[in-house]
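Enquirer: To start, I am sharing the structure in question, which I have written as structure tokens.
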Amino acid sequence: MPFDDKSIAGSQPSIHEETDNVESKSIGSKVPSSLHDDVENTAKTSTPAITSGAPNGGTAAWLVVFGAWCVSFCSWGWLNSIGVFQQYYDTTLLSDYSPSTVAWIPSLQVFLISALGPVIGALFDRYGPRYLMLVGTILHVFGIMMTSLGTQYYQIFLAQGLCSALGVSAIFQPSVNSVAGWFDKRRGLAFGVVFTGSSIGGVVFPIMITHLIATIGFAWALRTSGFLILLLLIPANLTIRTYQPPRPYAITRDKITKPFKEPPFVLIAAGFFCLSYGFFCPINFIPSEAEASGMDPNLVQYLLPLLNAASLFGRLASGFLADRLGRFNVFVGVCYMTGLWTLALWLADTSPPALIAYAVLFGFFSGAYITLITALVLQVSPLSELGLRQGLIFLIGAVGALTTNPITGAISDSSIGWAGLKIFAGVFWLAGATFVLIARIRETGWRLLARF
């Protein structure tokens with residue numbers, strides 16, 4: 001599709017810019033003051049006006065969604081099987097090491113995906129997704145194949161924790177950011193569809209890897225996974241592209257610090273910092289805690305697939321509702337519910353039925369954490385700076401991503417045990433939701449029914 005300067009200039013402005021436009025264009029000196037107040041309140045409390053001219057559908061747009069879905073399956077879907085690897089390493093391959101030491105491997109994976117966010121985001125803003133996708137595909141598949149050859153801690157650490165993670169970082173953010181430019185009115189739904197890929201991957205990979213390890217061994221289980229990932233990333237490389245061409249800009253200190261002078265952005269960043277602690281704790285430790293509680297091992301292996309299957313419906317629902325009720329509203333609500341379920345159910349009862357129920361509820365309500373990250377950042381940011389700004393959010397969350405497993409592993413090994421781990425996760429869910437709620441209140445005031 002050809003582009004000119006006018007179409008490029010049509011990228012979605014920040015909410016503050018849109019509010020200014022509404023006030024300057026719609027409110028003149030002849031308008032009564034009461035009407036002026038009504039229009040001003042509406043501009044400040046509604047979902048931002050749509051000005052980007054995005055197609056919101058069509059073959060090209062949905063092909064980008066399909067490619068991003070494949071990336072979601074191969075990135076977060078793969079990472080959602082961390083609990084299977086944690087359990088296998090703890091009991092078999094790396095049994096000589098403590099759980100907190102082994103936990104550094106998946107922690108490094110998640111950390112790199114988050115910490116490299118500003119770099120990947122800036123490269124995306126300047127050059128688009130093509131080269132990032134190609135390099136990321138090679139690194140991700142190569143890292144998995146090298147992990148299949150590993151027998152020592154440092155080998156697994158370098159191959160799975162470093163190489164594969166670098167690849168995932170290079171493919172994930174560009175794919176999601178590309179989708180954002182093709183949708184505005186239906187952006188929540190588009191993201192919901194994309195992230196069902198990680199849910200389905202989170203169902204397929206744990207079951208597949210568990211059964212393949214038992215039948216053909218750890219090495220070929222990983223190689224089979226690597227071939228499947230390669231098969232899906234090939235069409236992703238062919239279909240993912242941006243709606244508008246890249247708009248290169250210089251990365252200056254002012255460009256990096258500007259978002260941190262905006263209270264909504266700072267509050268969102270603080271929220272995701274806390275939520276990163278709460279999100280990965282149950283995913284990483286539910287199988288180990290269930291096994292320690294005496295659950296049948298044949299049932300334990302299905303906890304993560306159940307969790308991820310439930311998240312599929314949660315992500316679709318949160319994306320659909322976010323476009324209608326407000327993205328901040330839906331996000332805050334489901335995050336509070338996730339924290340409450342963690343403290344009220346996972347902490348209170350360790351019986352098999354309770355653990356299964358919690359896995360399903362956690363999966364459903366936590367789905368918005370991944371689905372709406374980009375939508376929230378974009379709602380308070382210009383589209384042309386989405387890569388850098390979302391990357392900064394990921395970088396801040398990287399601290400939690402890196403330290404969650406070691407901290408919670410140490411808590412579970414202490415006298416507090418699993419109860420302390422669950423309290424840790426639940427409190428951080430509630431804290432993160434509160435920060436995002438404050439950001440919403442700053443933009444809308446105390447209007448409970450404002451769609452934002």
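Numbers here mean position along the shown chain, with the first residue as 1.
Quick reminder: no glycine exception, Cβ is built from N, Cα and C everywhere.
If you look up TrEMBL, you'll see 1-50 marked as region 'Disordered'. TrEMBL lists 60-79, 103-124, 131-150, 156-176, 188-214, 220-243, 264-287, 299-316, 328-348, 354-380, 392-411, 423-441 with the feature transmembrane segment. Residues annotated as domain 'Major facilitator superfamily (MFS) profile' in TrEMBL: 264-452.
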Enquirer: Count the CB pairs under 8 A between the transmembrane segment (60-79) and each of 103-124, 131-150, 188-214, 354-380, then give me the winner.
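Expert: The listed stretch sharing the most Cβ pairs with the transmembrane segment (60-79) is 188-214.
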Enquirer: At a threshold of under 8 Å on Cβ distances, which of 188-214, 220-243, 299-316, 392-411 pairs most often with the transmembrane segment (264-287)?
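Expert: Between the stretches 188-214, 220-243, 299-316, 392-411, 392-411 has the largest tally.
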Enquirer: Cβ pairs under 8 Å with the transmembrane segment (131-150): which stretch of 103-124, 188-214, 328-348, 392-411, 423-441 has the most?
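Expert: If we count Cβ pairs closer than 8 Å to the transmembrane segment (131-150), 103-124 scores highest.
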Enquirer: Find the average pLDDT over the domain 'Major facilitator superfamily (MFS) profile' (264-452) in the predicted model and report it.
Expert: 86
